[in-house]
């Protein structure tokens, strides 16, 4: 570990928060329908969408109607993506001549992209046509991110309302977030990335002649445009199998910095937008501090583990100062550690190194950050929504200790809110532990494992927590393109996406009808250090403690096995 490495990690994480603040102010204006500098261009386009679809953007929906519209939109998206992927072989813009995907792979991929997970059981450069990449995958990168933002917007309005009825209009929130925030920002970042060397072409590829005289086909796509929204939308699915470790997706340390910051920027922006919308900037600042502390601790932990020489190399007396297996030398350990924390703390899942090659404890930290609920800062809107759920549970615990009905942001927190809050946070352990337990003993599932023992179990655990948390990263030792893995991971992704969303919207529907209360002497302050500590404690207990037995059999056992193996060689 070096001071330069610490500085690089601190700078990368801090820049994402700093850039997220002004974008959050802008996003709140978009949610609230306030005037923005993009109005002269985007207002007419926005109006065309409403007119074509017969939508009245001023009509507020109940939480039931809002949730139904959200689910219907995503169901239509699933059917469309599935159909295009299955028919890929007969559709145009397929210069590579790729056939359509199998039924189970198309099912998995369609759910993966509509849920903002971007889990990939395939290698993009050898599976997806140009049309598939552009028409369905890139489009879903935009609208799946916007879908998450709509949930936070609805929840924010519920806290502001005083005995209200509706939580907003889903269609208006979706269109405005896409047109005013995601499209312009992605355009700017795409131009910057293209200028820095990322390919942007509709050509299938080029042919290169190697030093041995052989011909090599190098795949090309419109990489820069998809890379921009892949990061900004906190999606993570790469065009190339190596993802952001591939030089066409991430060629230089500068592109690495830009894309790493992009992973978290709009997640933090949603926090600040929520705070401005609910008129509680100090309270939401406490949420940001809690999330940043946990994220920074995760990055520090990964950096500490990855700058220790692997035990086997120590035993072999190999001179090494870091574990460089699975890492790009153009980035090094600090940039990889920062990326690991940022991509697993958010629901991004892109990688600039191989997570399966991390030291056992480093891989365990990556898993742990996902187990916390993807709230550091999580997806656009979905992260702050689940963080607010954690805050509701925190004030509930505090209320139990002092014997008072808890309040948060001027609303009483009662049984209905706590019931739906528990539903929102129980999905990850239910899916991860349930599916992992079955897969660990099912021969059909075990065929996909490259490794046995603790690392094999870690591959299973990582896959299901990544799918359920809508992250999408993986331990590469798992061969996931098989019916069992594609179907069960698809179910896990759908559970992890839509069950918490419906629970949060139900909370919003309950809160919106309640009166707005002024704070009293008995109200727990939710903007100070005491609450931040309580919140972090609740997150660690709910998000981490329940997974400890399973983690003890995976990365923790693997760590001690490595130490024992080295001791035996000495």
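Along the chain as shown, residues are numbered 1 onward.
Here the Cβ of each residue, glycine as well, is placed from N, Cα and C on the backbone.
Range with Swiss-Prot annotation transmembrane segment, chosen from 383-403, 446-466, 467-487, is 383-403. Sequence-distant contacts of the transmembrane segment (95-115) (same chain, at least 6 residues past either end, Cβ-Cβ under 8 Å): 74, 77-78, 81-82, 85-89, 121-122, 126-130, 136-137, 140-141, 144, 202-205, 219, 235, 237, 470, 472, 481-483, 485-487, 489-490, 493-494, 496-498. If you count C-beta pairs under 8 angstroms between the transmembrane segment (179-199) and each of 7-27, 65-85, 286-306, 489-509, the highest count goes to 7-27. When Cβ-Cβ distances below 8 Å are used as the criterion, the transmembrane segment (7-27) is approached by residues 36, 149, 177, 180-181, 185, 257, 260-261, 263-276, 288, 292, 295-296, 299-300, 303, 334-335, 337-338, 341-342, 377 of the same chain, each at least six residues removed from its ends. In this chain, the transmembrane segment (65-85) lies in contact with the transmembrane segment (489-509); the count of Cβ pairs under 8 Å, excluding pairs fewer than 6 apart in sequence, is at least 3.
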